[in-house]
Amino acid sequence: MEAPIRATEFLRFTLLSLLFFVCRSSPSHDLLISNAERRIDLTSHIVKVYLTLKVENAGSTPTSEILLAFPPTQVDHLATVEALVTKGKRKKTTLARLDVKPTELPDAPNGTKYFTIYLANPLNSGESTTLEVLYLFTHSLEPFPAEIGQSESQLVYYRDSALILSPYHIKQQTTFLKTPSTKVESFTSMEPTNRAGTEMKYGPYEDRPPYSFSPILIHFENNSPFPVVEELVREVEISHWGNLQVTEHYTLVHGGARHKGVFSRVDYQSRPNLNGVSSLRYLLARLPPRVHSVYYRDEIGNISSSHLRTDSRKSELEIEPRYPLFGGWKATFVIGYGLPLQDFLFESSDDRRYLNFTFGCPLLDTVVDKLTVKVVLPEGSKDPSAVVPFTVEQHLETKYSYLDVVGRTVVVMEKKNLVPVHNSPFQVYYTFKPIFMLAEPLMLASAFFLFFVASVAYLHIDLSIRK
Amino acid sequence: MAAPESSAAAVPTLYTNNALRNAFGGVLAFFILLLIGVMAFSIRLFSVIKYESVIHEFDPYFNYRVTQFLAKNGIYEFWNWFDDRTWYPLGRVIGGTVYPGLTLTAGTIWWLLNSLNIPLSVETVCVFTAPIFSAFASWATYLLTKEVKGTGAGLTAAALLAMVPSYISRSVAGSYDNEAVAIFALIFTFYLYIKTLNTGSLFYATLNSIAYFYMVCSWGGYTFIINLIPMHVLLCIVTGRFSSRLYIAYAPLVVLGTLLAALVPVVGFNAVMTSEHFASFLVFIILHVVAFVYYIKGILTPKMFKVAVTLVVSVGLAVCCAVIAVLVALVASSPTKGWSGRSLSLLDPTYASKYIPIIASVSEHQPPTWPSYFMDINVLAFLVPAGIIACFSPLSDASSFVVLYIATSVYFSGVMVRLMLVFAPAACITSGIALSQAFDVFTRSIKFQLPGIASKAEVDAAETSSSTAEAQNDVVKAEKSEETSKNRPSKKSKKKEKEEKPLTKAKAEKKRLLALPLDSSVISLLLLILLGALYVVHCVWAAAEAYSAPSIVLTSRSHDGLHVFDDFREAYAWLRHNTDVDDKVASWWDYGYQTTAMANRTVIVDNNTWNNTHIATVGTAMSSPEKAAWEIFHSLDVKYVLVVFGGLVGYPSDDINKFLWMVRIGGGVFPHIKEPDYLRDGQYRIDSQATPTMLNCLMYKLSYYRFVETDGKAFDRVRQTEIGKKYFKLTHFEEVFTTHHWMVRIYKLKPPKNRIRGKTKKSKSKTSTTSSRAKRSGTGKKNPWH
């Protein structure tokens with residue numbers, strides 16, 4: 001008896017929702033893109049795409065939502081999408097950041113994924129606006145051949161579409177690709193296609209209907225190392241005695257073409273330009289200024305090959321792994337440093353304290369597959385809350401450190417697929433009473449006191465049976 | 001200081017004076033001991049400050065790994081641990097073959113700290129275990145020497161031990177080895193033995209057994225205790241010093257101690273079955289016989305006693321002969337006469353080099369040279385004889401023990417350089433006694449020569465004392481001199497002190513007669529202080545320069561600053577991260593412990609040299625030509641071969657220099673490896689005069705593969721010569737990793753060739769040569785310069 005009712009309900013619901021979506025999404029198709037220019041930077045292993053869209057509202061109703069479409073294969077590697085709108089006329093243009101959120105649309109062809117850009121002011125009919133969109137892909141350069149010897153250079157594939165995937169009609173579009181060197185093995189041609197030096201130009205293409213797609217494949221040399229941090233755990237420990245201790249555990253892998261066969265040190269040392277060009281020799285970490293007691297070690301001890309340069313604005317830590325990393329080789333290490341607390345801890349207007357620290361990985365040009373940031377609040381702090389500029393998974397933990405009794409609250413934030421763009425500040429708010437700072441010194445003092453009392457008592461009490 | 005004479009009339013003043021002085025002396029001694037502990041700890045931190053907080057050398061890595069396992073899995077898992085990552089494919093029962101004292105100690109410290117929420121890592125705890133226990137050892141030395149010759153000697157000995165280079169060499173921070181805790185256990189066991197001997201207290205006797213148990217847990221050197229104490233007991237009996245105190249000191253130790261020792265899995269039934277322990281049982285029997293005889297003597301009349309003696313002796317002799325015959329037969333039936341190889345090489349110093357090359361190959365099992373005595377105990381070498389003489393005046397049970405201890409340990413240290421460590425505490429104790437007695441005599445002379453300005457002299461002494469630790473002890477000792485000299489024979493009891501007061505004056509008169517001239521005693525005092533200062537300077541130098549290097553990191557100073565050679569860890573880290581978890585790594589056994597601990601890979605042989613055949617197999621592979629070696633390694637499922645090569649940077653303890661031992665050990669089991677094949681006219685060389693066997697063996701090839709391309713001449717900086725064979729190819733191995741300074745080279749075994757059906761042997765060999773030629777041309781193509 002129940003089943004038919006349910007079926008009809010379901011049918012009604014789907015019909016309703018379909019109707020709703022048709023109503024909702026149909027005006028958006030009145031938008032059209034009069035001009036699109038895309039610049040794809042392939043020089044490092046993070047693919048940067050700068051998209052300039054001139055959007056025009058050809059419909060009758062004002063709209064404030066603009067959709068960006070991505071093929072499902074790219075969306076998995078998409079690290080970040082940012083949209084900026086140019087304001088003002090001619091000379092006094094300023095850029096304003098817009099909200100971008102992933103959106104699900106029911107009638108997406110071939111599993112296309114969408115992001116919606118929310119305009120600050122609705123776009124009235126007939127008006128047009130220029131959007132600057134930046135998005136980054138990780139793990140999008142596929143090494144081919146997948147395994148190379150020590151003296152070979154690294155060749156990679158990049159797959160994309162010559163036409164910009166968009167739910168809107170695009171009147172005119174051009175795509176520029178920048179390769180790291182002039183050495184390009186092959187590329188898909190789609191007239192008009194030009195190649196000059198390190199730049200390739202696809203287009204201009206005129207009047208393409210929505211969801212136009214034309215796959216291209218570029219095979220080129222990219223000898224930059226592909227440093228990928230598979231897992232990074234950053235632990236930020238706040239001590240109200242004036243120190244902020246940061247400990248970062250890295251699992252680093254060279255994500256490029258896998259190393260095959262022999263590693264010969266003599267070749268590597270005598271001809272560094274020809275041998276192991278894509279190997280990862282050193283990494284640069286940009287740390288906050290006034291950093292102190294920096295260490296760089298792994299599970300078997302200190303790694304002596306690192307240099308720290310500090311000036312008033314920033315500190316740079318140059319680290320070499322124990323051995324040069326060839327494709328597929330891994331290394332794990334820990335970087336730790338202390339920072340003066342007053343640079344990062346502030347009091348908010350409502351008497352709470354907040355830590356203002358950088359999210360993301362301090363290593364330059366590095367992809368982080370999984371990042372866990374743990375903020376260890378001092379013992380006795382309450383009501384923690386984190387403010388992060390992007391979505392992260394959050395939960396709380398308890399950690400017991402030096403002489404803790406109730407344990408310290410740890411705010412844990414996790415995020416996958418990070419690029420250096422994510423190195424933006426985040427805040428953790430909490431309340432803390434300074435009296436808790438004295439708990440541990442008092443505990444120690446009383447322990448010593450008791451010890452002395454016990455000693456005095458022992459010396460003055462005669463426990464012997466015989467008198 | 002002048003108080004004793006003047007206050008004889010005013011008894012109450014004297015009494016309060018003395019009490020105050022005793023209290024003051026006690027507090028001072030306590031603080032001096034505290035400072036000695038701090039010094040013992042901090043002098044061992046040079047390695048952490050100059051290098052880093054890291055585990056040193058080879059064996060400590062194994063102990064560290066065991067401790068990690070213990071901390072992670074708990075004690076029950078630890079006892080049952082079968083380690084399949086070593087001695088592949090045999091494995092090793094760690095729980096039953098390891099002396100667990102050190103790991104249990106460090107594991108307990110770690111657990112305690114963590115339960116107090118002090119999150120120190122296991123590594124940190126392991127690194128600092130040795131310095132902590134050396135502080136304990138110096139306190140134990142104080143207690144032991146105090147029992148023998150009073151507080152002053154105790155403090156001096158403790159200060160000497162806190163910084164004796166021999167002990168520092170085994171207990172710097174990071175040197176996480178059995179000896180680190182064992183020396184403390186050794187001294188403490190001796191202390192409790194002496195304490196029991198002096199007091200006759202069963203409480204101390206029980207503690208003594210427990211301390212002995214801890215020693216058995218910690219180190220194989222416990223056999224030294226279980227042989228030395230019976231020797232002393234025997235000495236006491238022979239010299240007519242038998243007493244009930246001796247019985248209480250010894251009998252519980254044998255019974256309880258043996259029972260407890262048998263609880264340790266690695267000892268087990270060895271505690272009653274091996275010859276190392278027989279002496280203790282024999283003396284145990286003798287002690288009872290003697291005790292019985294004394295008892296009989298007490299209840300019988302002298303005449304009856306004589307009759308009984310003749311009766312017992314005639315019967316007893318017959319029984320003894322029978323028992324001894326059976327014992328001899330039993331012992332002789334076992335091939336090693338019931339003795340372990342290491343013990344045998346102690347009794348017969350030439351034994352190891354004749355029969356067991358694997359024991360002889362270890363540098364710490366070699367006899368020491370004279371300079372190493374001076375290096376390790378420095379001025380103590382001159383003070384020891386004086387200390388022995390001081391022990392004889394007067395000879396008590398305790399001081400005879402010290403004499404026996406030093407005599408035996410001098411012998412053992414002469415056999416094995418490693419046992420210098422047992423000798424060092426004895427040297428410190430006797431030197432402490434000597435120094436303290438000398439100071440005693442000189443300060444007393446000065447005091448009696450100058451009764452008027454005695455108090456001033458005391459102030460002077462206090463001022464000069466602040467410079468060195470020995471001098472500080474001198475002050476305490478000087479204060480206590482009266483007391484210690486008085487109750488030396490009977491050691492204890494404050495009550496007696498009061499009764500003996502009338503004697504003081506007579507004694508003082510006697511002392512005055514013994515006094516030395518003022519100027520000579522002042523000069524001698526200054527010279528002694530100078531000697532002490534020299535010792536301190538030497539110890540600090542030894543701690544800072546000679547014994548702090550962790551040996552896994554090497555540094556060298558050149559004109560352009562400090563250069564760090566961190567190649568070992570580079571290689572181990574590479575193995576850890578870039579090879580499969582179950583890959584087997586073959587190397588000479590020296591690097592076994594480090595490979596399992598740092599690289600976490602399965603090894604074929606390691607530093608626990610329990611299976612000679614297995615080691616010989618690896619030695620044979622290293623000394624065979626490439627193909628034979630490949631077959632041996634392949635049969636052992638080995639995937640990587642690791643060699644240590646110092647020729648590029650001049651690191652002398654590399655595999656080429658150890659190679660003759662590989663040949664010897666390999667040849668001991670597999671006779672087709674003959675040492676003369678590797679020697680040209682009895683000389684070991686790798687230059688153009690080397691034998692073809694040498695130039696074609698695997699070790700040579702793996703060490704020098706493509707070495708010529710570094711400088712064009714292939715000049716080996718360790719051997720100071722150009723190598724014999726410069727250009728060659730590897731057919732069965734391929735280089736997969738070489739560290740920055742070429743100190744560690746890792747090769748991978750090539751997979752076996754596909755079998756080509758229907759081809760004759762000849763054509764197969766032809767294909768292999770063509771393939772190698774093709775390979776050569778291939779590499780030539782890659783490197784147009786060669």
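Just so you know, glycine gets a Cβ as well, placed from its N, Cα and C.
Annotations in TrEMBL come from automatic prediction, not curation.
The transmembrane segment annotation in TrEMBL covers B:23-43, B:93-113, B:125-144, B:150-168, B:180-205, B:211-235, B:247-272, B:278-296, B:308-332, B:379-407, B:522-544. What TrEMBL lists as domain 'Oligosaccharyl transferase STT3 N-terminal' is B:27-429. TrEMBL lists B:464-504, B:754-786 with the feature region 'Disordered'. Summarising the annotation, TrEMBL assigns domain 'STT3/PglB/AglB core' to B:582-641. Per TrEMBL, the feature compositional bias 'Basic residues' maps to B:754-765, B:773-786.
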DSSP-assigned states of the domain 'STT3/PglB/AglB core' (B:582-641) in counts, ordered helix, strand, coil: 33 helix, 8 strand, 19 coil
Maximum Cβ pairs under 8 Å to the transmembrane segment (B:93-113) - stretch from the list B:150-168, B:211-235, B:379-407, B:522-544: B:211-235
Which of B:125-144, B:150-168, B:278-296, B:308-332 contacts the transmembrane segment (B:180-205) most, counting Cβ pairs under 8 Å: B:125-144
Range from B:23-43, B:125-144, B:308-332 with the greatest count of C-beta pairs under 8 A to the transmembrane segment (B:522-544): B:23-43
Interface present between the transmembrane segment (B:23-43) and the transmembrane segment (B:150-168) (three or more C-beta pairs under 8 A): yes
Leading stretch by Cβ pairs under 8 Å, where the reference is the transmembrane segment (B:379-407) and the options are B:23-43, B:125-144, B:211-235, B:247-272, B:278-296: B:211-235
Segment-level pLDDT (mean, integer) for the domain 'STT3/PglB/AglB core' (B:582-641): 90
The transmembrane segment (B:211-235) in contact with the transmembrane segment (B:278-296), cutoff 8 A, at least 3 CB pairs, sep 6+: yes
Positions on the same chain near the transmembrane segment (B:125-144), where near means CB under 8 A and six or more residues out: 33, 36-38, 40-42, 44-45, 48, 53-55, 60, 63-64, 67, 102, 105-106, 109-110, 113, 154-155, 157-159, 161-162, 167-168, 170-177, 180-181, 183-184, 187-188, 190-191, 194-195, 425, 428-429, 432
Outside the transmembrane segment (B:308-332), six or more residues from its ends: residues with CB under 8 Å to it: 275, 278, 293, 296, 300, 338
